[in-house]
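Below: one structure, written as structure tokens.
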Amino acid sequence: MLTNTNLFFFLSLLLLSCFLQVSSNGDAEILSRVKKTRLFDPDGNLQDWVITGDNRSPCNWTGITCHIRKGSSLAVTTIDLSGYNISGGFPYGFCRIRTLINITLSQNNLNGTIDSAPLSLCSKLQNLILNQNNFSGKLPEFSPEFRKLRVLELESNLFTGEIPQSYGRLTALQVLNLNGNPLSGIVPAFLGYLTELTRLDLAYISFDPSPIPSTLGNLSNLTDLRLTHSNLVGEIPDSIMNLVLLENLDLAMNSLTGEIPESIGRLESVYQIELYDNRLSGKLPESIGNLTELRNFDVSQNNLTGELPEKIAALQLISFNLNDNFFTGGLPDVVALNPNLVEFKIFNNSFTGTLPRNLGKFSEISEFDVSTNRFSGELPPYLCYRRKLQKIITFSNQLSGEIPESYGDCHSLNYIRMADNKLSGEVPARFWELPLTRLELANNNQLQGSIPPSISKARHLSQLEISANNFSGVIPVKLCDLRDLRVIDLSRNSFLGSIPSCINKLKNLERVEMQENMLDGEIPSSVSSCTELTELNLSNNRLRGGIPPELGDLPVLNYLDLSNNQLTGEIPAELLRLKLNQFNVSDNKLYGKIPSGFQQDIFRPSFLGNPNLCAPNLDPIRPCRSKRETRYILPISILCIVALTGALVWLFIKTKPLFKRKPKRTNKITIFQRVGFTEEDIYPQLTEDNIIGSGGSGLVYRVKLKSGQTLAVKKLWGETGQKTESESVFRSEVETLGRVRHGNIVKLLMCCNGEEFRFLVYEFMENGSLGDVLHSEKEHRAVSPLDWTTRFSIAVGAAQGLSYLHHDSVPPIVHRDVKSNNILLDHEMKPRVADFGLAKPLKREDNDGVSDVSMSCVAGSYGYIAPEYGYTSKVNEKSDVYSFGVVLLELITGKRPNDSSFGENKDIVKFAMEAALCYPSPSAEDGAMNQDSLGNYRDLSKLVDPKMKLSTREYEEIEKVLDVALLCTSSFPINRPTMRKVVELLKEKKSLE
């Protein structure tokens with residue numbers, strides 16, 4: 001039986017509970033209405049946002065946090081829907097909840113603009129976090145009523161324009177994060193008056209070139225300043241060094257000049273300094289040595305000089321990066337005493353002296369790169385003392401002595417590059433067994449010993465490069481167990497025995513170099529199973545037997561050198577199937593007639609030193625003659641001379657007027673492939689009737705030879721006003737296509753460089769360009785509308801061609817004019833990337849990336865040009881990735897990049913991004929909406945080309961390819977995948993079906 005006291009307590013709780021429930025009912029109705037009218041929840045994460053008889057309080061709903069407010073009422077204070085995959089516009093209606101102070105909607109697909117008028121409902125907010133969505137338009141303005149706003153995070157959206165002046169009035173603001181938006185203007189000085197700021201992040205914004213405002217030095221509470229990749233110029237203002245609470249200073253990837261201020265030593269709390277990839281000069285200030293809290297220090301890729309001060313070397317750094325500068329002098333021994341050192345990169349400098357012996361003894365060093373310096377002496381024996389070392393890179397120094405035995409016990413090690421040193425002695429036996437992905441000991445070392453069978457334990461090894469040493473013994477059969485091998489370079493050693501026939505197991509091989517050894521036996525025909533092989537060099541050995549005809553089955557082989565061996569037999573005609581850029585079988589014992597396809601001047605040196613080979617008209621190769629033919633040589637020769645003389649006289653009479661009118665042509669002909677025609681077969685066909693296209697650099701002709709073969713001939717403009725451009729196009733096409741061999745890149749067969757004009761001869765693509773097939777309005781076109789299977793195949797093929805240019809060509813090539821009109825289609829609709837008139841070679845970097853190249857003008861075609869052309873002259877292969885993303889969108893939509901149906905100031909990228917989200921847009925904030933109109937998350941029927949008849953499976957596949965296209969067309973190059981990754985993603989999308 002309850003006592004009076006207990007009864008009173010029970011009734012009080014019951015009354016309070018009822019009051020709390022009633023007070024939150026209004027919040028529940030607001031939330032439910034916003035969900036129905038403004039948000040789309042494809043994954044059903046908000047399915048519990050339902051008002052029922054037993055569940056009228058939202059405090060237990062997903063993403064909702066309630067607190068007891070004044071008056072003992074339970075009310076909604078926080079809405080956090082981050083990562084729930086919701087779409088729609090900004091939910092202004094949330095702000096009708098009077099007690100709401102925090103909104104977090106990060107990592108969703110929300111889009112549209114954020115308008116100032118309805119946003120005023122949210123003036124009581126303290127935290128507004130909208131990172132990683134697709135909001136666009138101008139940054140939202142904030143009225144003076146937003147006096148309590150402390151955190152504003154809008155990172156990784158699509159906001160444009162300048163930072164509004166109203167942001168300077170948000171005096172309570174502690175965090176401002178606008179990272180990764182395509183804003184313009186400059187870093188505004190008024191931000192320096194937001195003195196409560198602790199974090200300011202304006203990284204990865206394409207501001208106009210401008211200096212760092214000195215007013216930022218007023219932000220005395222700032223702990224985190226990020227201005228990475230923000231187009232900053234000028235010197236680092238000394239006022240920044242007044243920020244004594246600063247823990248992170250990131251000014252990397254800009255164009256800052258001048259010296260690092262000596263006053264940097266005042267940043268006594270700083271943990272990380274990132275100044276890499278600028279144009280800073282001078283010496284490192286010794287005052288940096290006073291920063292005892294500093295753990296990450298990166299000043300790489302600048303123009304810094306001088307020696308490394310011992311005081312800085314003594315800092316307890318975790319990451320220490322000085323690479324790509326002009327530092328000189330020795331490396332202080334004290335750097336080895338650092339117990340925190342994990343990453344040490346000082347490559348591409350001019351350091352001298354020896355490496356400190358105790359490096360690695362006191363720290364768990366993981367990555368060690370001292371390459372391209374002038375270090376001498378021995379390798380530090382304790383680098384892997386703590387068993388954490390993963391990468392050791394020491395190439396291009398003068399290091400000597402043996403590889404320490406201790407390295408053989410370093411099972412954490414997976415990447416070794418020690419080429420171009422003076423190392424000697426035997427490689428430790430256990431060294432070969434390490435779980436490496438790359439082992440490079442090549443060039444100018446004097447290492448010796450043999451490759452043990454235990455190398456099979458290095459199961460993930462992809463590159464084995466040990467050329468120019470004193471290695472000997474046989475090539476172990478166990479090498480064939482390394483199924484990930486892409487490169488084998490054993491050249492310029494003393495290996496004996498035969499090439500293992502099990503080489504056919506290495507399906508990923510791309511390059512095999514075994515030249516200048518003492519290998520004997522026969523070339524294994526099984527090598528024909530290595531279908532990725534592009535280069536095979538077995539020259540200067542003692543190989544016997546015949547050339548395997550199976551070599552002709554290697555689909556992408558473009559370099560074959562078998563010279564200086566003891567090979568016998570005839571040259572297999574099957575080799576004519578290869579698309580060879582380099583071919584050499586000279587100095588062997590080959591005999592018989594050279595296959596007709598090789599009987600060209602370009603191949604003449606390839607056959608020298610084989611006295612028993614013969615071919616007509618290929619001096620100094622002897623002509624092929626039989627004994628029976630010899631008796632008839634004289635009379636036949638006389639008859640031929642008489643006939644030829646008569647023909648010449650007749651020809652002279654017929655063409656005499658032409659000779660009077662026109663001087664003799666002097667043309668330089670270069671042949672890049674085996675061809676059965678000459679320039680004289682082409683000249684007469686360059687008529688107006690055969691023109692099939694024209695462009696900025698010249699006319700394109702369709703030329704059909706008497707043999708039935710059809711060619712495409714590009715005749716470049718020769719007029720004075722256009723000669724410079726045509727010369728540039730001619731040179732670019734020849735320098736790129738002349739050495740590129742890939743199944744998805746158009747073949748350049750021949751070029752003619754004459755006084756009157758230049759022309760380039762290509763294989764003819766029967767189905768024209770992808771742009772013609774997709775967009776042609778001619779009703780008589782032979783090509784029917786492309787189905788999705790064909791479009792997808794074209795996308796993958798074109799991606800593979802571009803991937804080859806970016807990642808497998810040496811040097812890498814950026815196309816700069818990727819578009820649907822430059823993707824040609826053969827009779828099987830197989831794509832070929834074409835038109836390399838704007839192509840540029842890039843410099844490959846050590847980390848397998850490529851450097852930027854400066855462009856004097858914007859290159860490319862309207863609708864395909866990457867956004868970064870608008871704010872920088874330095875572009876890299878990521879501009880091609882953007883253009884390819886546009887092509888993917890063309891394949892999906894069937895529309896041109898700037899189709900008028902998109903509306904004013906909108907291109908195919910914006911159209912696809914908006915259409916992909918497919919959310920309802922009610923006219924009023926709380927306006928009603930027909931739920932039947934929602935459909936699926938992505939209503940692709942409004943996006944895809946209506947000419948395609950698609951199955952459900954194909955719709956799903958298109959949605960996945962659309963994701964790849966939108967990734968490729970990201971506003972920031974750093975967010976775009978490489979073309980190699982694009983190929984992987986596309987193939988993954990197909991394999992998922």
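Counting begins at 1 with the first residue displayed.
Cβ atoms here come from the backbone N, Cα and C positions, even for glycine.
Look at N60 (N-linked glycosylation site): DSSP puts it in a helix. What Swiss-Prot records for N60 (among others) is N-linked glycosylation site, and it gives sequence analysis as the kind of evidence.
As annotated by Swiss-Prot, N-linked glycosylation site applies to N85 (among others). When Cβ atoms from all protein chains are considered, those within 10 Å of N85 (N-linked glycosylation site) total 15, not counting its own. Secondary structure at N85 (N-linked glycosylation site), as computed by DSSP, is coil.
Here Swiss-Prot flags N102 (among others) as N-linked glycosylation site, drawing on sequence analysis. Residues near N102 (N-linked glycosylation site) in space but far in sequence (CB under 8 A, at least 6 apart, same chain), listed by position: T65, T77, T78, I79, D80, L125, Q126, N127.
The N-linked glycosylation site annotation in Swiss-Prot covers N111 (among others) and rests on sequence analysis.
Look at Swiss-Prot and you will find N218 (among others) tagged as N-linked glycosylation site, backed by sequence analysis. In the three-state DSSP assignment, the secondary structure recorded for N218 (N-linked glycosylation site) is helix. For N218 (N-linked glycosylation site), the count of additional Cβ atoms within 10 Å of its Cβ stands at 18 [all protein chains shown].
As annotated by Swiss-Prot, N-linked glycosylation site applies to N221 (among others). Annotation for N221 (N-linked glycosylation site): same-chain Cβ neighbours under 8 Å, separated by at least 6 residues, are Q174, T195, E196, L197, T198, L245.
The repeat 'LRR 7' annotation in Swiss-Prot covers 221-243.
Close to N290 (N-linked glycosylation site) in the fold, though at least 6 residues off in sequence, lie G265, E268, K311, each with a CB less than 8 Å from its CB. The N-linked glycosylation site annotation in Swiss-Prot covers N290 (among others) and rests on sequence analysis.
What Swiss-Prot lists as N-linked glycosylation site is N303 (among others). Residues near N303 (N-linked glycosylation site) in space but far in sequence (CB under 8 A, at least 6 apart, same chain), listed by position: R279, L280, S281, N325, F326. A strand conformation is recorded for N303 (N-linked glycosylation site) in the three-state DSSP classification.
Classification of N348 (N-linked glycosylation site) by DSSP places it in coil, neither helical nor stranded. Sequence-distant contacts of N348 (N-linked glycosylation site), defined as residues of its own chain at least six apart whose C-beta falls under 8 angstroms from its C-beta, comprise N323, D324, N325, S371, T372, N373. Per Swiss-Prot, the feature N-linked glycosylation site maps to N348 (among others); the stated evidence is sequence analysis.
Per DSSP, the secondary structure of the repeat 'LRR 14' (412-433) breaks down as 5 helix, 8 strand, 9 coil. Annotated repeat 'LRR 14' per Swiss-Prot: 412-433, in sequence order.
In the three-state DSSP assignment, the secondary structure recorded for N470 (N-linked glycosylation site) is strand. Neighbour count (other Cβ atoms within 10 Å of the Cβ, all protein chains): 15 for N470 (N-linked glycosylation site). Look at Swiss-Prot and you will find N470 (among others) tagged as N-linked glycosylation site.
For the recorded site, N537 (N-linked glycosylation site), the DSSP three-state label reads strand. Annotation comment: Swiss-Prot describes N537 (among others) as N-linked glycosylation site, evidence class sequence analysis.
Annotation source Swiss-Prot lists N-linked glycosylation site at N584 (among others). For N584 (N-linked glycosylation site), the count of additional Cβ atoms within 10 Å of its Cβ stands at 20 [all protein chains shown]. Secondary structure at N584 (N-linked glycosylation site), taken from DSSP and collapsed to helix, strand or coil, is strand.
Cβ neighbour count for T678 (phosphothreonine): 12 (other Cβ atoms within 10 Å of its Cβ, all protein chains included). In the three-state DSSP classification, T678 (phosphothreonine) falls within coil. The phosphothreonine feature in Swiss-Prot is assigned to T678 (among others).
The domain 'Protein kinase' annotation in Swiss-Prot covers 686-992 and is backed by sequence analysis.
Here the glycosylation sites are N60, N111, N537, and the one whose Cβ sees the fewest other Cβ atoms within 10 Å is N60. Ranked by Cα separation from N470 (N-linked glycosylation site), the recorded positions N218, T678, Y762 are led by Y762. Among the recorded positions listed (N218, N537, T678, Y762, Y804), N537 has its Cα nearest to the Cα of N584 (N-linked glycosylation site). Proximity of Y864 (phosphotyrosine) to non-local residues of its own chain (separation of 6 or more, Cβ distance below 8 Å) is seen for D817, V818, K819, Y882, S883, V886, V887, P897, given in sequence order. If you measure from the Cα atom of N218 (N-linked glycosylation site) to that of Y804 (phosphotyrosine), you get 51 Å. Reduced to three states, the DSSP call for N290 (N-linked glycosylation site) is helix. Y762 (phosphotyrosine) has a Cβ environment of 22 other Cβ atoms inside 10 Å.
Cα of T678 (phosphothreonine) to Cα of Y762 (phosphotyrosine): a span of 13 Å. A Cα-Cα distance of 19 Å separates Y804 (phosphotyrosine) from Y762 (phosphotyrosine).
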